[in-house]
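These features come from Swiss-Prot:
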- 10-212: domain 'YjeF N-terminal' (DOMAIN)
- 65, 66, 67, 68, 69, 133, 134, 135, 136, 137, 138, 139, 161: (6S)-NADPHX binding site (BINDING)
- 66, 129, 164: K(+) binding site (BINDING)
């Protein structure tokens, strides 16, 4: 039987890896971003440069380490020839240290715009949802127009860990929380309780190792 980890379990594993010196937080973030880019190439080979003309990824980065993963994805996709548009929800000065480091690395090669209230996703070949991951403990407010715009655009959406708005631990009281549309979720090391719900809804789930 496949092992399922709660969000607390996953954070404990990451902290243990960092404390033991087996990996730094930055290294884990880099591995996660690289795993997402690998999953993109596997899931959508038809939109992978250079086999086709320049492709456009829109990446939505949030205020935590999920957003940090998104900055890594942006940098690595650009290196592979993608056009990248990156939006940040929140203030750069309030990002956790590892996420801020990857924000700064991206800023040296690309631009960052504040996340609009209702973005236009019509030009995107792929949207990466790196807004909120495993740490969400409350329903999101104010994201309805963003999620609606994403749904109406009909573009492929890859979520890092989980679609933003989902509770990783699938608690009963979180069943009605609003969440982003999603085509594929890429999570790391092991599935979390919410991934069974995604599969039941016909959403793809890929688990990638990051050396934990």
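Just so you know, the numbers here start at 1 and follow the chain as drawn.
Just so you know, glycine gets a Cβ as well, placed from its N, Cα and C.
All features noted in Swiss-Prot, drawn onto the structure.
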residue: 65; record: (6S)-NADPHX binding site; Cβ contacts under 8 Å, 6 or more apart: 25, 29, 96, 98, 99, 133, 135
residue: 66; record: K(+) binding site; Cβ contacts under 8 Å, 6 or more apart: 130, 131, 132, 133, 134, 135, 160, 161
residue: 67; record: (6S)-NADPHX binding site; Cβ contacts under 8 Å, 6 or more apart: 61, 88, 89, 90, 95, 99, 103, 130, 131
residue: 69; record: (6S)-NADPHX binding site; Cβ contacts under 8 Å, 6 or more apart: 29, 32, 33, 36, 130, 133, 160
residue: 129; record: K(+) binding site; Cβ contacts under 8 Å, 6 or more apart: 60, 150, 157, 158, 159, 160, 163, 164, 180, 182
residue: 136; record: (6S)-NADPHX binding site; Cβ contacts under 8 Å, 6 or more apart: 164, 165, 166, 167, 168
residue: 138; record: (6S)-NADPHX binding site; Cβ contacts under 8 Å, 6 or more apart: none
K(+) site, defined by 66, 129, 164: further same-chain residues with Cβ within 8 Å of the Cβ centre: 60, 62, 67, 70, 130, 131, 132, 133, 159, 160, 161, 162, 163, 180
For residue 138 ((6S)-NADPHX binding site), the three-state class that DSSP assigns: coil
Mean of the pLDDT scores, which run from 0 to 100, over the domain 'YjeF N-terminal' (10-212): 93
